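Read through the structure below, which is laid out as structure tokens, and then see the notes.
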Amino acid sequence: MNVTLDYGVLAPVLIPALGAVLVLLVDAVLPRLGRWHWAIAAVLLIAGAAACVPAFLSGSDARRTLCLDATQCLYVADRPGSALQTATLVSAAVVALLVLPVRSPADRTPIASALVLTAASGGAGVAAARDLGSWLVLIELATIPTVALVAFRARRSAVDGALSLLTTSLVSFAVLALGAALWFAATGSALLDGDAVLAAAADPQAKRVLVLAVVLIVAGLGFKLSLVPFHAWTPEAYAGASVPIGAFLAVTSKFAALAALLVVLRGVTVLGAPALQAIAVVAAVSMTLGNVMALRESSALRLLAWSTVAQAGWVILPLATVARGAVRAATGYLLVYGLATIVAFAVVTLVAHAEGRGRVVGLSSYAGLFRRRPLAAVTLAVALLTLAGLPPSVVGLVAKVLALRPVAADGLWWLAIVAAVNAMLGLAVYLRWMLAMAGTPAPDTVDDRPHRLHLALVVLGLLALGVTSVAPQLLLGLAG
Amino acid sequence: MVAVLLCAIVVPVVTGALLITGDRFSPAVGALTSWVVAVLGSVVTAACVVLAVWRRPELDHEWVPAIGMRLHLAVDGISAPLLLLTAALGVLVVLHARVEPPTRTGHGTYLGCLLLVTGGAIATFLARDAILFFLAFEIVLVPMWLLIKGFGDPKHRASASAKFVLYTVLGSTLMLVGILGTVYLAGTADIDGLVGGAGLSTTQQTVLAAILLIGLGIKVPLWPLHSWLPAAHTAAPTGGSVLLAGVLLKMGTYGIARLVVPVLPAGVERLAPVVGVLAAVGILWGGLVCLVERSLKRLIAWSSVAHMGFVVLGLMSGTRLGLQAALFGNIAHGIVSALLFFVVGGLKQRWGGDDLAVARASLRDTAPRLGFALVVGMAALLGLPGLAGFWGELLAVASVWNPDGSRPVLLFRVLALAAALGTVLAAGYALRVLRVVWAEGSPAEQAAAPGTPEAAQAPRPAPRPVDADGYEWAVVGVLVLGAVALGVLPTVLLDSTEPAVLHLLEVAAR
């Protein structure tokens, strides 16, 4: 069998994967490099993202390689897939830069940066995987390193978080594997393409198995996306992990998980109602529970975790419909969510690095941030408004429209109304945090200068939110 | 000429953002500088709006193809009066901020929020793309929330601001769902292209109209979705109250007149009896509450609920007269409520509270100018002929008495009677206020007033002249003139809206 191989197309996956090995090699040669490993990782990740650029230039053609023949390829990076690859790699690079100034034991740095590279490589790969085997392996490649990354903080809470992440991860892998097996049984093909699904859907017996397979796969990925009822690890892990690793879980991992889900769902609309209804219910419950729990939360990191749960519901909201452009809408929403969330985490990291982690955990310790650090506070406020979907952050509002559009077009009124109520609840969540930033600072405030790199990233984040608010198409256009 | 359309939105928004940023520096930009910048910004905005209304340019440009949103701005007979009203109120509230500065530091933020609200409202009235309309609708939310939360009455502001923002977001998101459904089924987001039902079935139209009417009904506000409004007005600072009553509420009825009545005629036809009953209940409910309400500012807010009921009733009649009455009522209520909130806000600060049960010296003795303005405002509120309020209510009742052929005539006649009863209630509460505040009392009683617990608890306001003078008198005077002019020459406004209304109904009927 002849398999074509185009390294240029595979570069977004290969660069970080080889980079992980490179980082470990560099550590063996120059053991005292310390935090500069993170710089190397960031450069490699940006290089990987740069390798995605041709996908946005060459029109609408999907980039494919590892082709068995003219039609069947094991690696297909279409427009939304490429957008998610880019977002995964860029967000991982931002995380690497956020970690860089943080002091940590020197022997851990190369391992941690290699883990980030590995997970990013898995996330980038899963977006383009088109066969069950590599799809499953790449998902786990994107997940397992995060367990170690969380545990590296070596506090009791971090170990707890890592443990709950690990347990849920294993269970979800079992569910995913079962789903994959059923998929194979139903379609008789290890390829995740629409033709096999169509053939299986024609046979009522096979269709039943296929629906079950899809439900199991959605359930297994629900864990990665923090969808209810597979969300329980999220607050534990976010609160336990160091702040930048929290950002990695909240953003990079989510890009990878949605990419994995989209690969499966692309062919599934032919199955119609039952599979889609499951998604609709999960979306509605995730939003509602996430927002209600976030309203009760008094820790900022846990609030962000619950907000992730709620936002995951918004992300899969368009996927509950058969409308055209649902995949684009979910991708677009996730891109906006990722941008806003990573900016919020960047601000929290800045404050945590300058004032100590104790000053960012409780919502009440943000009092007076608008006076103390106007720039950071304004950036955080804009990021939160983006998540809430309100002007001045136009891009957040556009994302909300994007997610609701397929739902309204499909006439799923009950889901649209649940979403509307959740837009209100979500705003209450984020306004609570913004209100906590007003007021007067506590008298014992440590007012250290923020690290330059953190400050630069925060300014960059504010600029990104500002520019995309004026021209949302710059970001949404990536998804096609 | 197209530039003035953009400037009318960009100038207030950018000036507002600059003013808010200026407050973040330390030391912050001075109060006078901020005020001068704000005045300049609002005057330039008003000039742009006037030019746009005069020359009627149109801008249509691709913006966010991912959600099918175009940057489509234009002016027509329906939006022109509202644009002029918004621009004028935008200048007046900024001028008035010199007389009644915010009670705490943060002049720049206060003025910036006023400008942002003005800019967002102008964008709403200019937008001719349904999704852009929603975007503009949302711009006003956060600044208005900040006005109430940051500069409002400390006793009420926390709950009032939360209630305002959450209610409104729920309403506008429901409106978004309705808009998206309509846009998808009709295949266009162009508001003019949507007119006439765009081939939607009656059931589809009914569902969409119901969602849109609930969403917009929160903003209007329509009974029983009104409970955020009295709370918000009680807490809001004067400038915020004026914009809330004079501009924000109009966005709701404008939305109904633009996006619901002409776009989903069959759906509105089915829902008109229900919405009409709700509007009539709102008229009576608001009127009855006003008869016993003790807080003066809250009373004016409740009267807004009643008056917006007239506007909605006119819209539901389905006739040309009804639509005209609604547009007229919108403008008239905008002027009158703005006038009253300026006067009452000033009184509340002078008195250190606005409880009507506290005995005070009569206004005609102590502050004849404010007293005169209050008399004019209240007379307009009760619908005295020769003042702005009269025509909107008269025409609304007349249109409901003779509704479109498709409406149940008997029910609408009952609604017309209820609305007429509402004007009687309006006379009752307006005269009650005038009796308590303007006519009765003596200087001797004033001596007792400051000793009341209410006055003692209130924050100490900046010393102000007993009667309006300077900017305050100018601001109030302009609005008094406006109320009289609109009452004496209603045809100026009616004639300007007529072609647009006729056009809309013609296309919708086709």
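Using the three backbone atoms N, Cα and C, a Cβ is placed for every residue, glycine included.
Per TrEMBL, the features are as follows:
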type	residues	note
DOMAIN	A:129-425	domain 'NADH:quinone oxidoreductase/Mrp antiporter transmembrane'
TRANSMEM	A:6-26	transmembrane segment
TRANSMEM	A:83-102	transmembrane segment
TRANSMEM	A:135-152	transmembrane segment
TRANSMEM	A:164-186	transmembrane segment
TRANSMEM	A:206-225	transmembrane segment
TRANSMEM	A:237-265	transmembrane segment
TRANSMEM	A:271-292	transmembrane segment
TRANSMEM	A:304-327	transmembrane segment
TRANSMEM	A:333-354	transmembrane segment
TRANSMEM	A:375-399	transmembrane segment
TRANSMEM	A:411-433	transmembrane segment
TRANSMEM	A:453-475	transmembrane segment
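Residues 83-84, 87, 91, 94-95, 98, 101-102, 243-244, 246-247, 250-251, 254-255, 258, 300-301, 304, 307-308, 311, 314-315, 317-318, 360, 369, 373, 376-377, 379-380, 382-384, 386-387, 393, 395-396, 398-399, 402-403, 446, 448-451, 454-455, 457-458, 461-462, 464-465, 468, 475-476, 478-479 of the same chain sit 6 or more residues outside the transmembrane segment (A:333-354) yet have a Cβ under 8 Å from a Cβ within it. In this chain, the transmembrane segment (A:453-475) lies apart from the transmembrane segment (A:164-186): fewer than three C-beta pairs between them fall below 8 angstroms, excluding pairs fewer than 6 positions apart. Each of A:164-186, A:237-265, A:375-399, A:411-433 was scored by its Cβ pairs under 8 Å to the transmembrane segment (A:135-152), and the highest score goes to A:237-265. The transmembrane segment (A:304-327) makes no contact with the transmembrane segment (A:83-102), as judged by fewer than three Cβ pairs under 8 Å among residues 6 or more apart in sequence.
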